[in-house]
């Protein structure tokens, strides 16, 4: 599974008082959100008259140079880190997306995915509109500009939201005015914090921590924030009965030190481990994580099961872009470059191996084979999420249904493929308990095949969003 | 004065037979047109299904890597080299501009400038359209897409042309179909050539020469070429009574080995020299050019005046981006880095110094000062173009009227500023004779203040283009 | 504390059989040793006739390009990753060092530091020799070449070793012959492994693991290995009564999955935690590491003390080169960019905080302040090494005696500076027990001020190395 | 033929007064000498205590960044631009070469080639010395350091010069003292100029011009200059009866605006054209140069022969590194990328084509073929130098004797190979007359096979340098 995107917006009343230029604050915040996207990044600052940007392919420290960053003067700006599938990895798609329209400039930083992107784009193309990027953010920009011709920004955004079906946490600049918007189902996280002399919105609370700010609260699903002098207005544009918070933010994506929907991710992961221990107990000598995402759950399992926690796998902290020649020996080398066994913690042991999820099963197989070669007596795989049986239409790159091993195989079948002595997936109920949010407010579509939104060809039990039926 | 842009389009029937991939042919053609733009460059190739591009800031050899270029497979493509004023020098503006619309993909490479860009953009923005680049090419794309919703490509382009006021030589890909279009007044050059197994359109004939192709003819003003199997169709979309070929292509921009509007640039420049000698004879010991653009005219002057041609200034072939500290000594160093005197060709001599034009006068002054310090007895400046008294709205960056020295000073005044012993500008009639095209078919607006198109606030004697009145 | 260097040497009998080119194997091995040096890296391959190299500043994935690496053909080669203090961070110092001499070419990759570098260099300079790099490796090259004029390689190396005082683990190519040498006191690690069809020497066993090789054994202190067809010769050039293995390889430098001097580093670190728990017990709610180096010891402490292990600090995995403006707020941001608190694991808790060592105390102070602000009730610092009171002359950049806080302050004093509720350093005996090697064979100089080698101005109780007295 | 190297040395008494930092002055001077080497460049500045350098592969504007250059503070420094054959094109060989020795630091910038490099290097290697670069400059450094152990700098350099056989113009820093040295035969140029508050030495006088300095005089063959406060000392170390100034500096290498050995290069080239016209008259319609090096001689020929000068070939000013696929069509494209015909100046004409020299004949053939295809009636090749029949051992990369077409073919044979209607080489006497220096003081070895120095296997009529016989 791959990460998705991170967004940031910062506005300060008086730059001079804080000492830190807005562009630099966004830069540090993006550093804290780097785990949400390593492919490209951009910062856009508005100085009251104009909008200036720095964008580039690569990591935050690769794209930004101090001198250039300090030249982005202004009190308000937004930023973005991006992950995308290879085909669309181009500089043109790098965000924030800046568009000029009748009355000025709009900049948009977007985390999420529009499920009705194709329909909206077709509709817009039928009007003769053109698309320069291949991202759904450009669709949002078109819709927003159409509204802004007739309405004020809040009403415009309110109208746009009715057309969008999918996930979107947005930081928007309309000229030098900062807005933050979270989709009505609240798929993706978005929170707001207080800075010295200003405010920050960000995908995760760690960005606020990094700037020594204070988390105020999360943006509510369907809520629009408009940032004013010394305050921000809240507009509840849509209020759904139920929400659809993505569970994989807890299982895998978010940083453990982030608070999402009121829950500290670290705590959820530890509880996942405890739930797993209760659901799938096994006699073993040690509990060992697949680093890094399995570490906290392994600690939880260890406490609950009262089995020793130990590190059987060590991750290479320095692994970057590498290249591999064809051949089996090379593929094994590729795995070993990333992870190595600590044989004394494995040899002759019965090991509970904690991983966050299984997508295709190939990586799990390679890791388990490596542990076996290091002399493990038994390997009991315990997975911190239920079987993934359906694709995600809301921004997580899990691959197609065809590629998902659990869409085609029973647990026993997966166990055989990954070569484990036993395999236990966390139950849906266990996951829901660990998260601590009622099931109705979570998106479990990839685990249940029941979608919170009407997706063509998929089952949507609620159909609660009757707003946009394009059939 | 700065260069503008160069465009290329290539289509070959069967790549295999020619041996040279289309992308590589465009690459070589762009090399030949590099003098028309050094800021950015791009190549777009269509492989029958998709369109792929390489774009980047910098010179042709800096942007393209062999491996990437060879991966741009396909039989048809377009290319671009670009110059622009600093403010808009961004990767987003790098051409070809690629837009996706209802029925497919359009790629546009544009040389020229729309005089009614702001009006058209305002109109399009009023419809709620958005603009991602700051180039007028995006306006053309919007207009074209609007037409393509209802009409076939030829009719669409025919309709678009009615809206455009200004200069444009275009190479266009609509999906995998190549079109070439030249504006009805024929401001900018565009020619078509035969390649082994295919065709090429290019801003200048040197691009055809470089590929060992044969110049077929120039695209006529108002003509659209549609490239078919083994042939191309011609559509005369607009036929104006008079044309408006830019005279500065001859004076300065184009390569001397190019044929433009049927005239070899080299010949025109030599004749400019001869006309200058007849109009402004002077007793002198030698005729010396300001290299490189004054060389050919200096040769012509020398023959006509029967005064020895000699090189008093030597240009540093290797000068690239450099940096200069503040101060008078440094500014002189900056001039000397680019050009040095050959004192034995200057000392105690009466020199006729041939330059192509005077824009602000500052460079001329520095060069003449340098020649004086080298011991010249007299310096008689002879300029291969008439005084520039009005701005260009059609793509040449001459600066504003304020900056043009001849807009505010008499010839005697300019002579004093540049510190010459005498100053002679070529007359308009002399320039027209040297070019060999009747005055009615040339754009002399910057020399006469009479514009061939209706420009707000400027005098347009003909007003022959009644098509687009947006008042 | 900063890392030092890593060396690799690979020879394969028949490249074709293994499928993986030697240069690529060295590349992967250097990836596994990247933690030992991130400043520059180089690979040198001998193809039987010539020696070719790729070197560059930066990380392994930044320096090597696949195409270039595959052009380094040959069956034998060496590689290096390097850390150095800023002043000498230049491409000239990048290793392997290649020197040409009378009979051919020598390439040297060196981990360590010659304590008598200045004396040797002075001596060589007095002979009129010149130095192009500022590394002590060039001194070794000079001495080796002097010997090679009169002796065979083994005798030459044997003679050179008599002149060297300090630490050195070396991979050497003399033409296409690979040698591996470890200094007589065995300061730095060096091990040898079996590959499919060949051999590898490397600073740490993880490099062997990465290539799916088998650790044969470590190179003994004072031993020279000469690699032959299908085998290697061992020459014990010097046999000291005692060795001086660096204890900080266990405490901090080496990867936990490496085996050094027969001890798995992971085990040593866990035992360090257990020893700490026994020596410095405290009533607390949780044990939390300073990531990453404190993790394993914290697990050990947790088991021994039966206090819950929990992660109170989370490290940003993506932190790279960053920039910081002056000011207190910015310095705090710099700390928070690297590490963040998980407040629910800290708030109102009594925390045992495990770190590997304290050098200057400034980082410890910032981390403890951050934990306090997150609401910790008590913070009990437990350090996995004894107080560092003396500088290292053997390759570890701990700074000068002046900079070492424990050289000037008592434990109570350090406790006050870092603002801990209590502070407990591991005792020397505890550290020795955790490592499991008798004290006589360890270098504890930075902890005891007693040096295993005669260092001018320092106390050397044994003076067992009488070989090189230059006084 | 390829260019060789350029050297610069600058010392100023008081930086503040001139306004321009020494490093920046060297940077501009190197810009002016860029034509002498485009492969790598370096600047070394001594600040009274230390020596700092910037070096890199590529052109002057590619290697130096303003910020870095301004950090090279100090009143004295040297610089270098370098060309070398591909095999040795590495950063290690980039000059100035900096070596540390017993008493300090030496930096050397070298233009030239030691004919006895191998002998000297063997001798030094026999003493056990090592070589890190593959340049002969390192040999000079070794010899100089050996002397400096016993003698003062002037005596040391005086002793070193006795060992060197070949060409060398050197700018040397011994600590912060600048020296300039030219070999006793004066193969390569070296001149000294006055700057505001200081002095400059440089390979060509254009470097002095660029800094608005004044050429004082050329350094004499065998002369050493030692720069003092407000003055420089001259030491005539060796005084040979005859000199051996390289004639190809006039024919091809040097900039036309440089004065070398008292002769303005421009004048020599024009006289070469006049001599050619007298020696090889022909009935023709125009005289046309192969640009750029043939331009001045073509002007001279035109005047002498009273045949019209016209430009039949146009050079692409922007050609940089390009890539070419295999195949005949592509090779022609490669020629056309660099040069194009101006057909109206060629068609049906009898053309005198002036080129500076013929090395292998392949380029000449391609150019003549291109002119023929453009419709020339007759092509009469006139070459501004005599046939090159022997290799150069003094720094010019003409290739081996095997590759030199005139070493194996008569003039008639060459004429056939290059496909000219007639071919006329300048005679040796004509060349000598054009240069205006008596034959005894020129190096004509590549034209006569008679070498001014004893080269093993070659004929040396004078053997006047009996100093170094190593046989």
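From the backbone N, Cα and C atoms, a Cβ is placed for every residue, glycine too.
Owing to the predicted nature of the structure, the values given are computational and were not obtained by experimental measurement.
Here is what TrEMBL records for this protein:
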type     : residues                   : note
DOMAIN   : B:5-230                    : domain 'Glutamine amidotransferase type-2'
ACT_SITE : B:5                        : active site, nucleophile
BINDING  : B:246, B:392, B:443, B:446 : [4Fe-4S] cluster binding site
BINDING  : B:293, B:355, B:356        : Mg(2+) binding site
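All features noted in TrEMBL, drawn onto the structure.
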residue : record                        : Cβ contacts under 8 Å, 6 or more apart
B:5     : active site, nucleophile      : B:36, B:37, B:80, B:81, B:82, B:83, B:95, B:110, B:111, B:112, B:203, B:395
B:246   : [4Fe-4S] cluster binding site : B:167, B:187, B:188, B:253, B:394, B:395, B:396, B:442, B:443
B:293   : Mg(2+) binding site           : B:251, B:252, B:355, B:356
B:392   : [4Fe-4S] cluster binding site : B:398, B:445, B:446
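DSSP assigns residue B:392 ([4Fe-4S] cluster binding site) to coil in the three-state reduction, placing it in neither a helix nor a strand. Listed binding-site residues: B:443, B:446; maximum Cβ neighbour count within 10 Å falls on B:446.
Over all protein chains present, the Cβ of residue B:356 (Mg(2+) binding site) has 24 other Cβ atoms lying within 10 Å. According to its DSSP assignment, residue B:446 ([4Fe-4S] cluster binding site) is helical. Every protein chain shown contributes to the tally, and the Cβ of residue B:355 (Mg(2+) binding site) ends up with 22 other Cβ atoms within 10 Å. Same-chain residues that are not part of B:293, B:355, B:356 yet have a Cβ within 8 Å of the Cβ center of the Mg(2+) site turn out to be B:251, B:252, B:289, B:290, B:294, B:297, B:354, B:357, B:383, B:384. Taking the mean position of the Cβ atoms of B:246, B:392, B:443, B:446 as the [4Fe-4S] cluster site, the remaining same-chain residues with a Cβ inside 8 Å of that point are B:187, B:244, B:247, B:248, B:394, B:396, B:444, B:445. Over the domain 'Glutamine amidotransferase type-2' (B:5-230), the average per-residue pLDDT in this prediction is 91.
Look at residue B:293 (Mg(2+) binding site): DSSP puts it in coil. The DSSP secondary structure for residue B:355 (Mg(2+) binding site) is strand.
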